[in-house]
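> Residues or ranges marked as domain 'Calcineurin-like phosphoesterase' by TrEMBL: 21-167. According to TrEMBL, the domain 'TMEM62 Ig-like' annotation covers 250-377. As annotated by TrEMBL, domain 'TMEM62 C-terminal' applies to 400-617. According to TrEMBL, the transmembrane segment annotation covers 398-421, 455-473, 511-535, 581-598, 613-631.
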Amino acid sequence: MKQNEEEWVEYKNVMEDVVKRSGLDKNIFYDLRGNHDNFGVPVIGGLLDFYSKYSINGQLGRSGHVNSVTLTLQAGKRKYLFVGLDSTMSVGLRGPTNLFGHPTDQLLAEVDLELSQWDSQPLKPASKISFGHFPLSFSASSQSGKTLKDIFLKHSLSAYVCGHLHSRFGKNLKRYHLSSHRFLSSQKFFQFNLNQNPSEGSKNCSFGAPPVQEFWEWEMGDWRKTRAMRILAIDRGHVSFADIDFKSGSKKTIILPTFPLDSRFMSTSSSHHEYECEHMLPSSYETVRALVFSVSPIVSVVAKIYDTRYENLDIVVDAPMTNLGDESSRGDLYAVPWNYKAFQDPSADRFWLQIEATDIMGRTTMTELRPFSVNGLHGKVSWTWKEFFVMGCQWEALYYPILWVSLYFLLLILLIPRAFLFFSRKQITYKNVLAAKGFISGVGLVLQELCNVPIAWFGFLGYLFYLILFPWFTGQVFTDGEDKGYMTYMGWAVKSSDNKSNHDYIGSPDVMVVVLPHLIFVVLPAILSSGALAAERVVHRGKFLSVSGKKKDDYSGLDQRSVRYDSRGNRRSKFHFGGHWIRLILLVLCLVICWKHFKNCRALMKAYEMNPLLHFPVYTLGIPLLLVYVIHKTKRN
């Protein structure tokens, strides 16, 4: 959660060794700052900003937040542009409330300027790649409300490559962005599918027509835990990639098909536009191509195409490929002519491509089967629920709606039953619940009985208003700093490095990782569990009276004996055992809530070097004390 200089020294030594072993020019390396590199850094360029001291970018003096140094290339008539951007928080809070990218209006203007340098030459095609640390689902908007997505759509990027999620949520963390008015309202909060169907519209096949506003977002795994590496290639404007898993060991041969493109991850609109405007089809369609990297000389490369029309893998092309590379290349480009028109089909996943390479040692390497569509139709691929959770949800836009819905819901389940008891003489009884046999009547009894434990009810209500009106805790937000900041649901309030001004409510919506889990997984279950304990006591009393046939007035005097012995004189009746079992479950649930709460508190104490009794006593002890009181109040005599 904070900077460790020993790790940075180790990183510097490792990267210097990589540069030395590879024989590559150090200037072509670009190590991008992420949120972990910014934890606890009060000011960029300060003593605690080890990134500026030990990273390759820092050593080469790349101090700007937008860089394309030595990455602008030109080959023939097509141009290539690679733009790296640093959207980390200007004031580096410690984790976990340092989760989002925070591009400023100045950063967005710089990215816009960098990507527009060839807009004055529309007849000369350009491929533009941008890369940053944060996925767009974890990137906040600027002060003026603009986003990186707006800039990338404006310039029709080929791809935006990012990291941050470390593959822990899945391997299919990719997202296709398309500019269309019918998507604007819904996509403010969600994008339900990895792909978006391009809208049907009038095609403009004239030269110099503006490109379709679209781009791909490709998150990639990390090397530290998953040993993942990505090779990305641009072949005559066609962008493709291969993710390599080194967790099982090194690879002797790596193959990246560069054309035809995988129909699941290609720029669908532009490819379909080229197909519809036949005169715009480039000569790149005339061959199947693949890059091959190998530690041993390659003796043969074969392209295989399968037809799945009859639900079988029927091979229709099995052709040797020719090496088009040269001895100076680190990888070789292989190609074979084909009749691409024979593979035009209304289905995006009828035809599948596989490349097979054999080296001089007799080792054979084959790529995974990839669907392709020369028509420009996109193949269907779906997110898992975890992948949708991190890529399909726009968390900055969702934070405040989820927050206020949660708070209003918590207030309503406290206030509505109280108002009902105040204005109405009717109460929900155990007999009403039995007669109705409904879930709503049961919940109503639970919330009503919580109102009958007034200290607990007022305690929960006061706790909610405390969370809304007061700081949650005070903690150490910078590495080895002396001044503390305080956090509310709106963000952190901290002093600047010169102690002359305050940064009010920074780290928003980053604080959602503390705020929302506390409300949803601690406060809400605590309220419901307390009401359930109170209702269980009432239900137990009602059952006891119905079994014993005694009036309420006689309950207190006969409780001890009647509970301990049944009509035959046996110890503990069957009914009592059942009631005890329900209460035991509720007590275990209360323990789970307290365990979850104290586990979160312990993580916060470690992250911000806090004392729970000094820096956040109400937050730490409020819920456990209320639960203990309710357990005591509802115990049986």
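Heads up, the Cβ atoms here are built off N, Cα and C, so glycines get one too.
Given the structure is predicted, the values throughout are model-derived calculations rather than measurements.
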> Any idea what the model's mean pLDDT is for the domain 'TMEM62 Ig-like' (250-377)?
89
> Give the one range among 455-473, 511-535, 613-631 whose Cβ atoms make the most pairs under 8 Å with those of the transmembrane segment (398-421).
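It is 511-535 that shares the most Cβ pairs under 8 Å with the transmembrane segment (398-421).
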> At a C-beta cut-off of under 8 Å, are there same-chain residues at least 6 beyond the transmembrane segment (511-535) that contact it? List them, or none.
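Same-chain contacts beyond the ends: 96-97, 99, 395, 399, 402-403, 406-407, 409-410, 413-414, 445-450, 452-453, 456, 460, 463-464, 467, 472, 487-492, 583, 586, 589-590, 593, 596-597, 600, 604, 623, 626-627, 630-631, 633-634.
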> Of the residues in the domain 'Calcineurin-like phosphoesterase' (21-167), how many are helix, strand and coil by DSSP?
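Taking the domain 'Calcineurin-like phosphoesterase' (21-167) as a whole: 38 helix, 26 strand, 83 coil.
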